[in-house]
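Have a look at the structure below, then the notes.
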Amino acid sequence: NDSSACSRSCPTAPCPSVPSRHGAVKAEDTFKTSPFHLDLWFYFTLQNWVLDFGRPIAMIILPLEWFPLNKPSAGDYFHMAYNVITPFLLLKLIERSPKTLPRSMVYVSIITFVMGASIHLVGDSVNHRLIFSGYQHHLSVRENPIIRNLKPETLIDSFELLYYYDEYLGHSMWYIPFFLILFIYFTGCFTPVAEQSRMPVAALLLMGPSSLYYWYLVTEGQIFILYIFTFFAMMALVMHQRRKGLVLDSNGLFLFCSFVIALLLIAAWVGWLWDDKILRKKYPGVIYIPEPWAFYTLHMNNLHAAKEGF
């Protein structure tokens, strides 16, 4: 058979046609192509906008008597649905890759993603409920009027711990595996056929909402460094594969272009708010990228008046 023939001809080299215990595949499997995943990309974009971006909006606009402050809000239920649906869609995306990908890494990333998103669910739920008590997102925890007057002062430390779980630990465990899975999928999106490096009209229509969501994800999640490193890794991979005569297929091109447009939106956002002194104080580091919800509470809404309205 093929394997015995391969062993006789070269006994010291592994036969490319026989999978090894590490999941090796035929060389030609690398060059299999797949059509544009319109259904998955559409569901992915839709649930991102509804269940992630729509979380705080649903919490604010729905009547408070429906969701008392000591109970989960509508946004919390959105977040719970997001924590279930997003890992499922990511797994389906990996399954459709034309290349066999490292499943152990994918599974560990999905588990970590769910843990991080769940941690964020708790912290974000409390922090957004504080809005109805006058909490202002453009101020630090200790600078907020409703926080700095707490007695005993050790309670302030507890709120800072909550903020740490929400904005740092939760975000890291959520977004690092999220972008890692996207990059792992991206490694399989190459083809030697130039004609397959074209996006259908549906992909072009989806690119706008997809790019805008990545802008929101990076700015609100404060994950620009993670995002830019992922983007640089994608660029490096594209240039490396181009030397081999490979180009991005329609799915890879859609993902890459979405990242490019999102980067341009981030640059425009930073340029627009470059001279905002209050937000500059909130984000004093070298990388200045204000959060959209901090901008909202500072410039677009009087949340104290909203509280009195309830």
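We count from 1, first residue shown onward.
Positions of Cβ are set from backbone N, Cα and C atoms, glycine also.
Residues or ranges marked as transmembrane segment in TrEMBL: 77-94 (among others). Residues 37, 40, 43-44, 47-48, 50-52, 54-55, 58, 101, 106, 110, 113-114, 117-118, 120-121, 124-125, 178, 181, 184-185 of the same chain, all 6+ positions outside the transmembrane segment (77-94), place their C-beta atoms under 8 angstroms from a C-beta of that stretch.
Beyond its flanks by at least six residues, the transmembrane segment (106-123) meets 76, 79-80, 82-83, 86-87, 90-91, 94, 162-163, 165-167, 169-178, 180-181, 184 of its own chain at Cβ-Cβ distances under 8 Å. The transmembrane segment annotation in TrEMBL covers 106-123 (among others).
The transmembrane segment annotation in TrEMBL covers 174-194 (among others).
Annotation source TrEMBL lists transmembrane segment at 201-217 (among others).
The transmembrane segment annotation in TrEMBL covers 223-240 (among others).
Taken from TrEMBL, the feature transmembrane segment covers 252-274 (among others).
Between the transmembrane segment (201-217) and the stretches 174-194, 223-240, 252-274, Cβ pairs under 8 Å are most numerous for 252-274.
Tertiary proximity for the transmembrane segment (174-194) is limited to same-chain residues at least six positions away from its ends with a CB under 8 Å from its CB atoms, namely 30-31, 33, 90, 93-94, 97-99, 101-102, 105-106, 108-110, 112-113, 116-117, 119-120, 217, 221, 223, 226-227, 230, 233-234, 237, 241, 245-249, 251-253, 255-256.
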